[in-house]
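Trainee: Let me begin by handing over the structure; questions about it come next.
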Amino acid sequence: MEKTKEKAERILLEPYKYLLQLPGKQVRTKLSQAFNHWLKVPEDKLQIIIEVTEMLHNASLLIDDIEDSSKLRRGFPVAHSIYGVPSVINSANYVYFLGLEKVLTLDHPDAVKLFTRQLLELHQGQGLDIYWRDTYTCPTEEEYKAMVLQKTGGLFGLAVGLMQLFSDYKEDLKPLLDTLGLFFQIRDDYANLHSKEYSENKSFCEDLTEGKFSFPTIHAIWSRPESTQVQNILRQRTENIDIKKYCVQYLEDVGSFEYTRYTLRELEAKAYKQIEACGGNPSLVALVKHLSKMFTEENE
């Protein structure tokens, strides 16, 4: 019986394990460790929280890739192109509940409440993102930021929220988490359309092929209401390199990349201020600095 159970588990988790062996940046783990400078959570609890966050993050990537019709993840074929859509959906959902099971081992009455709230947030944000894309509705910058805070903030909030349950540090970290959530996502949007590293790792400008409204394209659409070029390119879900290169040049010409860099610099400065106000945190500052290189160095 045990053997059969083990085999079933192996089959169920294979798509998830496939994703795990792809090289990742482990940003969420580094973030939790950096926040522990303040929170001083016991090591055993911290490990469980880090594991839960990584599980949920990776499971959500499996689903994301299906919802976005992605071809590559970190330069490798997406899981559903190997295992098929049904198995991958099931595997990802299974991992969500394994995460919940792990949260129960934390043995804190509020842990499951928090887990539920943050996963609801994550799905609300994701749902809006998909709705805008599939109905060709361009959100305003404010609407986009609110969605990002639900989507990225969902998992950031979960890790730090769970840590705070086991900490005597009671400062409100939400403003800083929000700043970091926006910083991470807008940086990602920028990298997808502008950075060398990304085009080697993801198919070139994948956000354009996906038809996704991202920070630079939203700026271009609202700042040039008389032109519908960007909307039309997004609507095509194009894989044509020339059209994508043209779109990137257009975003450059209308100042969307410049505006995105400006926004990232503002968020970076705001994060340092908020970190200072919470009593300083060298490892968190180092993490933000490291992530900022991408949009400062290439323009020096």
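Glycine is no exception: its Cβ is also placed from the backbone N, Cα and C atoms.
Under the heading N-acetylmethionine, Swiss-Prot lists MET1, citing similarity to another entry as support. The isopentenyl diphosphate binding site annotation in Swiss-Prot covers LYS25, ARG28, HIS57, ARG74. The feature Mg(2+) 2 binding site is assigned by Swiss-Prot to ASP64, ASP68. Annotated Mg(2+) 1 binding site per Swiss-Prot: ASP64, ASP68, in sequence order. Per Swiss-Prot, the feature dimethylallyl diphosphate binding site maps to ARG73, LYS151, THR152, GLN185, LYS202, LYS212.
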Trainee: Fewest other CB within 10 angstroms, which one of the binding-site residues LYS25, HIS57, ARG73, LYS151, LYS212?
Mentor: LYS25
Trainee: May I ask which of the recorded positions MET1, ARG28, ASP68 is closest to GLN185 (dimethylallyl diphosphate binding site) if we compare their C-alpha atoms?
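Mentor: The answer is ARG28.
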Trainee: Taking the centroid of the Cβ atoms of LYS25, ARG28, HIS57, ARG74 as the isopentenyl diphosphate site, which other residues of that chain lie with their Cβ within 8 Å of it, listed in sequence order?
Mentor: GLY24, GLN26, VAL27, GLU54, ASN58, LEU61
Trainee: Within a 10 Å radius around the Cβ, which one of these binding-site residues has the most neighbouring Cβ atoms: ARG28, ARG74?
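Mentor: By the 10 Å Cβ neighbour count, ARG28 comes out on top.
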Trainee: Any idea what the Cα distance is from ARG74 (isopentenyl diphosphate binding site) over to ASP64 (Mg(2+) 2 binding site), rounded to a whole Å?
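Mentor: About 13 Å separate the Cα atoms of these two residues.
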Trainee: Between LYS151 (dimethylallyl diphosphate binding site) and ASP64 (Mg(2+) 2 binding site), what is the CA-CA distance rounded to a whole number of Å?
Mentor: 11
Trainee: Just to be sure I understand the packing, how many Cβ atoms besides its own are within 10 Å of the Cβ of ASP64 (Mg(2+) 2 binding site)?
Mentor: 17
Trainee: Could you round the CA separation between THR152 (dimethylallyl diphosphate binding site) and HIS57 (isopentenyl diphosphate binding site) to a whole angstrom and send it over?
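Mentor: Roughly 10 Å, rounded to the nearest whole number.
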Trainee: For ASP68 (Mg(2+) 2 binding site), just count the other CB atoms lying within 10 A of its CB, please.
Mentor: 18
Trainee: Among the recorded positions MET1, LYS25, ARG28, HIS57, LYS212, report those whose Cα falls within 10 Å of that of ASP68 (Mg(2+) 2 binding site); none is a fine answer.
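Mentor: Of everything listed, what lies within 10 Å of ASP68 (Mg(2+) 2 binding site) (Cα to Cα) is LYS212.
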Trainee: For a quick check of understanding: given the listed isopentenyl diphosphate-binding residues LYS25, ARG28, HIS57, ARG74, what is the maximum Cα-Cα distance in angstrom, as an integer?
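Mentor: Maximum Cα-Cα distance: 16 Å.
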Trainee: Could you give the Cα-Cα distance between LYS25 (isopentenyl diphosphate binding site) and ARG73 (dimethylallyl diphosphate binding site), in whole Å?
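Mentor: Rounded to a whole number, the Cα-Cα distance is 12 Å.
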Trainee: From the Cα of LYS212 (dimethylallyl diphosphate binding site) across to the Cα of HIS57 (isopentenyl diphosphate binding site), what is the distance in angstrom?
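Mentor: Each residue's Cα considered, HIS57 (isopentenyl diphosphate binding site) and LYS212 (dimethylallyl diphosphate binding site) end up 20 Å apart.
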